[in-house]
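As given in TrEMBL:
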type	residues	note
BINDING	Arg75	pyridoxal 5'-phosphate binding site
BINDING	Arg97, Ser98, Gln105, Arg313	substrate binding site
BINDING	Arg271	tRNA binding site
MOD_RES	Lys284	N6-(pyridoxal phosphate)lysine
Amino acid sequence: MNRETFAAGERLVSPAYVRQGCEARHSHEHLIRLLLEKGKCPEDGWDESTLELFLHELAVMDSNNFLGNCGVGEREGRVASALVARRHYRLIHGIGRSGDISAVQPKAAGSSLLNKITNSLVLDIIKLAGVHTVANCFVVPMATGMSLTLCFLTLRHRRPKAKYIIWPRIDQKSCFKSMITAGFEPVVIENVLEGDELRTDLKAVEAKVQELGPDNVLCVHSTTSCFAPRVPDRLEELAVICANYDIPHIVNNAYGVQSSKCMHLIQQGARVGRIDAFVQSLDKNFMVPVGGAIIAGFNDTFIQEISKMYPGRASASPSLDVLITLLSLGSNGYKRLLKERKEMFSYLSSQLKKLSEAYSERLLQTPHNPISL
């Protein structure tokens, strides 16, 4: 309600009481205004009433929720089930347009605003988690594997002669399929055993680049988050190789946002060499339903190119889920979860070591892997 509405209410209820209600409403609106002005995750999480007020305000900005609206056309936000409409807070139009997932929709100002503010909040959290110089990012309604495919397809336009992707081996099917689906030939580089750890064979990577010829290599596809005894790739050294040979570098950071070590590797790799994009899962890092990822990078133009490669409009559900989650947690809540995860990993490590020794087993020493044992 606006000022005129409250003034009208004063004719029915004591003005003093109405003013109290007005001030309470202004408290909610103040939080919303700060969010839109700063585009950053609030330090303290919002309560549900503020969140729902914000979402309802966004929804009434979309044409399918206009009073008296009679939409005629292919996409008018028509939904048969009221339960489905409520499940999505009546934000039915999705995000983006046919030519760009980040574009603003003429019929959906609220959904477009939701998309922009979600991407802004996620960018803020990525910086908070350790990648301070990230330039741009966007939420895409696909899991990590398909999001990697989108990155590879975007590089195809920049490197039309290239047909190989150099890939330090990780036994995870979606990583492999992301390259095959994009139409490229993965060149698998076996890892080397150092103590108990499986680490990147840098000499083999550089030798393969020279053998194939840099112009024939689409990119190096590296990994941060992985299962022990494999450890995160040597991102800094790989980034230097990519810079020296002018080869793009795409990083699979599937569940690395929650790890300060993984994020540090990405930041350092971008500082000393070349990292074009890094991709992370929403469900693994932000505790939302499966089906979304974040594509981020250090060159704003390239990240925009990737967003324009996405065909058609997109589901707003992953963006809505992560927006609600981050506003509920606040940056302090998310930092608390990062701290708790690190503490629990240390506790798990110490207790698992005791358990293994009690049964004459041995916990592998993999200090470079901060998230798996």
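Yeah, the Cβs are placed from backbone N, Cα and C, and that goes for glycine too.
Bear in mind that TrEMBL entries carry predicted annotations, made automatically and left uncurated.
What TrEMBL annotates, mapped onto the structure for a quick look.
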{"residue": "Arg97", "record": "substrate binding site", "Cβ contacts under 8 Å, 6 or more apart": "Ala103, Val104, Gln105, Arg313"}
{"residue": "Ser98", "record": "substrate binding site", "Cβ contacts under 8 Å, 6 or more apart": "Pro311, Gly312, Arg313"}
{"residue": "Arg271", "record": "tRNA binding site", "Cβ contacts under 8 Å, 6 or more apart": "Thr133"}
{"residue": "Lys284", "record": "N6-(pyridoxal phosphate)lysine", "Cβ contacts under 8 Å, 6 or more apart": "Ser225, Ala254, Tyr255, Gln258"}
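The Cβ centroid of Arg97, Ser98, Gln105, Arg313 marks the substrate site; residues of that chain outside this set whose Cβ lies within 8 Å of it are Gly94, Ile95, Gly96, Gly99, Asp100, Ala103, Gly312, given in sequence order.
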